[in-house]
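As written in TrEMBL, here are the features:
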TRANSMEM  47-70  transmembrane segment
TRANSMEM  82-101  transmembrane segment
TRANSMEM  113-134  transmembrane segment
TRANSMEM  206-227  transmembrane segment
TRANSMEM  247-269  transmembrane segment
TRANSMEM  281-307  transmembrane segment
TRANSMEM  327-349  transmembrane segment
TRANSMEM  377-395  transmembrane segment
TRANSMEM  401-423  transmembrane segment
TRANSMEM  504-524  transmembrane segment
TRANSMEM  530-554  transmembrane segment
DOMAIN    568-618  domain 'Cationic amino acid transporter C-terminal'
TRANSMEM  595-613  transmembrane segment
Amino acid sequence: MGVADMQSNGNGNEGFSFRSCVFRRKQVDSLRVSSHSGDQTQQLARILSVVDIIAIGVGATIGAGVYILVGTVAREQTGPALTVSFFIAGIAAALSAFCYAELVCRCPSAGSAYHYTYICIGEGAAWLVGWALILEYTIGGSAIARGLTPNLALFFGGQDNLPSYLARHSIPGLGIVVDPCAAVLILVVTLLLCIGIKESSFAQTVVTTVNVFGMLFIIIVGGYLAFKTEWIGYELPSGYFPFGVNGMLAGSAVVFFSFIGFDVVASTAEEVKNPQRDLPLGIGIALSICCILYMLVSVVIVGLVPYYALDPDTPISSAFASHGMQWAVYIITTGAVTALCASLMGSLLPQPRMFMAMARDGLLPSFFSDISARTQVPVKSTVIIGILAAALAFFMDVSQLAGMVSVGTLLAFTSVAVSVLVLRYVPPNEVPLQPSLLQLIDSPSLQFNNDSQEIAYQNPKGSLSNYDLSQHLLDNIGTSIGCMLLRKHMAQGEQNEQKRRKIAAWNIALVCIGVFVLASAASVENIPSILRFTLCTVGGAILLCSLIVLACLAQDNARHSFGHSGGFVCPFVPFLPVACILVNTYLLVNLGAGTWFRVSIWLLIGALVYLFYGRTHSSLKNAVYVPTAHADEIYRTSSDLQA
């Protein structure tokens, strides 16, 4: 196979179309590609331990929302069954955690879901996922910073007692309320992130520990009070499910967003000492801690006060105050403030690494991929993102945009689950080569030498008899026949494998189509019931049939050697990833038309950026795709030549 053949089959300059750009995929071992392409960009420091990962995961997940969410959801949707709702939501989040755990072991590089989607699905989908995550981190960080101001004001006796340089002010004539405190907090966190990942993870550990102790105070002291009052919140004539099972499930959909944040751990994959061991442990332990704390807090609060008597704004503080413990508000507020600080760090930490990964791939200017030689973090992108987030928090009340932050995470969860299916059934069997290695493709060691099957027989000076010559000829004929049979068998096996891959790819696509039809039909209310039932039946049938086919198909043997080996393996494939896709798609569809309208504008802007910049500056623009076996030989040959 020569250069011309590979260029005609690959994504080189010939056939450079929009479709080929959208579906081109990068190699999983990006560091090896960078080293052979001459890119000597300094890498991030691998210094994080499993304790650091757990602190980052718990801190990014447990926000101040739980201090308010328990009251709202219990009053309106679940009643005493709030604990069950948290448990179901935790199981749903665990589906995504299992998928993340496998991919983060196989592809331990910065970029999280964007990186995995680029490797398994394609450049276009990866760009949209990364672009949506950028929106989430920016708006999420600004919203958290804005929420910190009123909580900090409680320590000063109210917002009126805040220092003037931190208090909120209205700009006359414009109707804009500026928040200097929120901007200062973001700049402080940005400075901390620039110092180094070890220092920022230590700070994250401290504030997360304070937050966890605050929740333990609620659980222990609240449980003691509940035992004294004999758990009056559960002695209700309406029973444990006053809103029925549907209300409990609706509550699960709401509290599911309390588990968003553990995916931040994946963005630090390139900074973990032992990613194959520590990252799955960190994700699993962090998610388990969050789920247990959520469930215990909900058990206590709903048991202290009947669900209908909970204050929707300050449910925990009011529950303690109703038992004569007004002073507990300071401990609870401290927990809420530290939770917000940890969530703010969790929002600002992954975004520079996302920009860095996209810049490494050429989809953003290379400026964002610069890493400080002293601190070994992307300082330039961290500073720029911090300034933009601080400006947004200073001038805008982003609470109305808060619903948009969920789109990025849910899209990421969905793409990660699809990536696991692709990895198991149709892993990429071609890898891109940079132009600097093109001359090695025609190396004799990479081409099949037909002459190697021929035997040169010499008969100098008649040293071989006619019998010997005949025997050699018979042996040669037998060898040729054996080679022909072997080649036929190999060709048949290759055809069967290609057929299996095609069937698997189509059924993965049909799974996604079936999930979308089913989730959309089940969520839309303003359609006739007959039409809804028909669409649900069609979508469910497509989903079920495709899932059965995938379950019966053999998984690709190449998955064992894909990426880095020796890490966590997602169980129950294809059932677990498909369930993950279904849950997240259902939640995406139910975000509301207003949210999707605003998100669509952002995604349209992203599509234009990709069309006019990322597509033409991608590091894969001139890449030539070759079979994996050939690529390995090329890299070995290149290493030998360089040595």
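Including glycine, each Cβ sits where the backbone N, Cα and C put it.
Just so you know, TrEMBL annotations never went through curation; they're auto-generated.
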**Request:** Using DSSP, tally how many residues of the domain 'Cationic amino acid transporter C-terminal' (568-618) sit in helix, strand and coil.
**Result:** 40 helix, 0 strand, 11 coil
**Message:** Quick check: do the transmembrane segment (247-269) and the transmembrane segment (327-349) share at least 3 Cβ pairs under 8 Å, counting only pairs 6+ apart in sequence?
**Reply:** yes
**Prompt:** What else in the chain is close to the transmembrane segment (504-524), if you only count residues 6 or more beyond its ends and a Cβ gap under 8 Å?
**Reply:** 418, 421-422, 425-426, 532, 535-536, 538-547, 549-550, 553, 556, 574, 578, 581-582, 585-586, 588-590
**Request:** Taking the transmembrane segment (595-613) as the first stretch and the transmembrane segment (113-134) as the second, find out whether 3 or more Cβ pairs fall under 8 Å, excluding pairs closer than 6 in sequence.
**Result:** yes
**Asked** Based on Cβ pairs under 8 Å, which of the stretches 47-70, 113-134, 281-307, 327-349, 377-395 lies most in contact with the transmembrane segment (401-423)?
**Response** 113-134
**Asked** What else in the chain is close to the transmembrane segment (82-101), if you only count residues 6 or more beyond its ends and a Cβ gap under 8 Å?
**Response** 70, 73-74, 248-249, 251-256, 258-260, 262-263, 265-266, 279-280, 283-284, 287, 290-291, 294-295, 298-299, 302, 307, 413, 416-417, 419-420, 567-568, 570-571, 576-577, 579-580, 583-584
**Message:** If you count every Cβ pair below 8 Å, which range out of 206-227, 281-307, 327-349 shares the most with the transmembrane segment (47-70)?
**Reply:** 281-307
**Asked** To the transmembrane segment (327-349), which of 113-134, 206-227, 377-395 is linked by the most Cβ pairs under 8 Å?
**Response** 206-227
**Request:** Report, as numbers and ranges, which residues of the same chain sit near the transmembrane segment (206-227): CB under 8 Å and 6 or more residues beyond its ends.
**Result:** 55, 58-59, 62, 233, 289, 293, 296-297, 299-301, 303-304, 316, 319-320, 323, 325, 328, 331-332, 334-336, 338-339, 341-342, 345
**Local confidence of the prediction over the domain 'Cationic amino acid transporter C-terminal' (568-618), expressed as mean pLDDT** = 92
